[in-house]
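Step one of this worksheet: look at the structure below.
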Amino acid sequence: MAAAPSATAPKHNYTLGTNASQLELYKYLKTVPPIPELRQAVTIKKYEEASVDDTLYPLIDEHQIIMVVGAFFGDEGKGKTVDAVARHPACTCVARVNSGENAGHTVFDDIGRKYVFNLAPSSLLTPNTRNYVSSECVMDPISFMEREIGQFIKSNMPYKDKLFVGNVFVVTPYHKLLDLLGSAPNSSTLKGMSPIHASKVTKRGIRLDHIFNDEGVLRARLAKDMDTYYGLLKVKGLTDKDVVRRCEEENADGVERVPGYVVDFARAENKIDYLVKLYTERVKNNKDFPRRCDVTHELRAALARGEKLLLEGPQSYWLSNAREKFWESTTSADTTAGGLLASAQFNFQRYKVLVINVHKAPGSSRVGIGANPSSFVPQDYYSAQDIKTLEALPKGGCVDFDKIQNFFYTKAFNTESKTFNGIYEPLEYEDATGKYNIGVAMSIASARHHGECGAVTKKPRVCGFFDCVLHFEVNAVQGPYLSISAVDRGDDYDRIGITIAYVYYDVGNKMVDANGRVYKNGDIIKAGDPVPCEMALYHCYPIVKVINGWKGAPIAASKRRPNEPLPKGVCEFIANVEFFTGAKVISIGNGPRGSDIIYLKQ
C-alpha cells in the first residue's frame, strides 16, 4: 500500500520496502467496512468463441464510421483491433485525425519485418487500404520521414499510393525543446505536444502548406512563434550551450529522446535560417515525402461512395485534454471518440458510428504523472526516482513473477476473512536483493514480466488492476463495445483483481471539494458514482474484488486449441467486468500476433 502523492507538491521519499507512512495508512484503511458488492454474486455466463465474420463484421456492416479508441490511459493494445477492422472488405480508408507522434504501435508485415508507427495509421501494411494523416494532427515532418517513412524506403515497401498527408500543424525543434525545458522530469514524451497545441490555439506557428509556399511568410511566422522559446530561455537564464547540455543529459543513457536535428537547432546561430533550410531540403524538395491532399474532402467523398472509414484513436479516453478529471496530466488533444469525430469534420447526423473501446488486463497500465487509483504504486513512483527505462529497475530484484503474484493474491489479500474489505495489506516480499513492499514488488515484476514500457518513451509503465470505476464512465460516454487485450497474461496468475470502488483517505485529514461534493476520509466511490477530479483521486485507494484465475488452463494462442471452451476463470473475469461497468465484451486478446484474438459469441 503506497501513500498518495500531493496534488500540489508530488515530491516523495519513496522506498522499496514498506515504510512507516504505509503502515499508518493501512492502520486506517483496514477499518473501512466491507461494501456489499465485494460479496455480491455475479452470474457467470458461459462465453463461447465465435468467428470474426459472426461477431465483429456484422457490427461493421451496420455502420459507416468505425472508431477504435483507448479506454484507459493509452498503450491498451489497440493495433490488433485496428488491423481486424481494417481487413473488413468494405473498410477502404483508415485515418489518424488528431494528436501526434506521442502514440506508438508496432506491426509486422507478412514476412515478419517489424515496423514502428507513431503518427502513420497502423494499417499501412494492410492490403487494399488508403491511409490518411488529417489536418487536425500535429506532425514533426523530419521525425516522420526519419522514423516512419524511412522504414518503407529501407525495405523497398511502396507507400506513395497508400499514405496521404493533410495540412497538419508542424511540430518544430523549438516545440520539442520547450517541452524538454518546461516539463517536470519524466512527465512528458518530449514530442512537443503541449507547446505545439499552444501554438495551434493561439494561431501561431506554421502548418505544412506554409513550407510549400512563400518563404517570407514562413520566416515571419516562425520568428513570431519562437518568441515563446526565447522567452522561456530568458526566464530560466539559459544559453544555447545550456540547452545543448540538457539535451545531451537526456540522451546520456543511450535512448535518443532528443533527436540530433533538434540538438543542431539549439546549436544554430541563425535558427530561422536553420529551419528554412531543414524544411526546404527534407520536406519541400524531398521526393520521398508522402503525397499531400485535402484529407477531410477525400474521406467525405469515400463515405459518399458507400465506403467504410476507420478512425484510429491515439492515446485514450482518460488522457483526453477534454476530460476534466485528469486534465492536468493528459495529452493536449481530445482523444475521446467524440473528439475524434469532431476532428474528422463529418456530418455526424448523416452516418452511423461504431465505437470499439480497448482496455488491457491483467496489468492495466499508465505512463507519465498524474493520479492512478488502481495502480500498485503511486503513478510517479518511477519518475520521482529518475527511473527512465526497465533496465534502470533494481538489478536482479523482483524477477520471480510467479512467486510474487502468488504472495500478493494469497497473502496480502486476506479474502478468507469475514472482515475482508478489498484492501491489501502492505506486507513485504523478500528475495536475494532485499525486502520490497508487496505493491512495489508487484509493480516491478509486472513491468518486467509483461514488458510494460512506453512504446514512445521506453519508461516503465505503472501497472495495476482493471479499473471498473473509471470504465463505467467510459462505457456511459462511448460504450458499450469493449475489447480487452492481453487476457492471456492471466495464464500466469493464481487470481485476478479488479477495482470495483475507491475509498478516500488523506493522512492530514484534508477534504477535497470537487464539483460541489466534499470528499472526506472514509468516503466510498463506486462504479457508477461521479468520478471526482484528480485532486481527490490522488487520495483514493482501490477496493479490489479478487477473482479465481485460470492458471493451468491457458488461453494463449500458442497453447490453446481453437474453439476450446474458455476456462471458468476467464468467464468469471469477463462477467464481472460487464456487471460492474455495463460494457459488452466482444473480444479478448490471447497472444502477440494480430490474429491472436478470441471473439465472443454475441
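Positions of Cβ are set from backbone N, Cα and C atoms, glycine also.
Swiss-Prot annotates Asp75, Glu76, Gly77, Lys78, Asn102, Ala103, Gly104, His105, Lys203, Gln315, Thr331, Lys459 as IMP-binding residues; of Thr189, Thr296, the candidate listed for that same site is Thr189. For the GTP site, Swiss-Prot lists Gly74, Asp75, Glu76, Gly77, Lys78, Gly79, Lys80, Gly104, His105, Thr106, Gly589, Asn590, Gly591; matching the candidates Arg207, Arg219, Arg221, Arg461 against that entry yields Arg461. The DSSP secondary structure for Lys80 (GTP binding site) is helix. The IMP-binding residues named in the record, Asp75, Glu76, Gly77, Lys78, Asn102, Ala103, Gly104, His105, Thr189, Lys203, Gln315, Thr331, Lys459, extend over a maximum Cα to Cα distance of 34 Å. Lys459 (IMP binding site) sits 13 Å from Gly74 (GTP binding site), counting Cα to Cα. Put simply, His105 (active site, proton donor) is 10 Å from Lys80 (GTP binding site) when counted between their Cα atoms. Between the two most distant C-alpha atoms of the annotated GTP binders (Gly74, Asp75, Glu76, Gly77, Lys78, Gly79, Lys80, Gly104, His105, Thr106, Arg461, Gly589, Asn590, Gly591) there are 20 Å.
In space, Asp75 is the closest of the recorded positions Asp75, Lys78, His105 to Gln315 (IMP binding site), judged by Cα positions. Within 10 Å of Gly77 (IMP binding site), judged by CA to CA distance, lie the following recorded positions from the set His105, Lys458, Pro460, Arg461, Asn590: His105.
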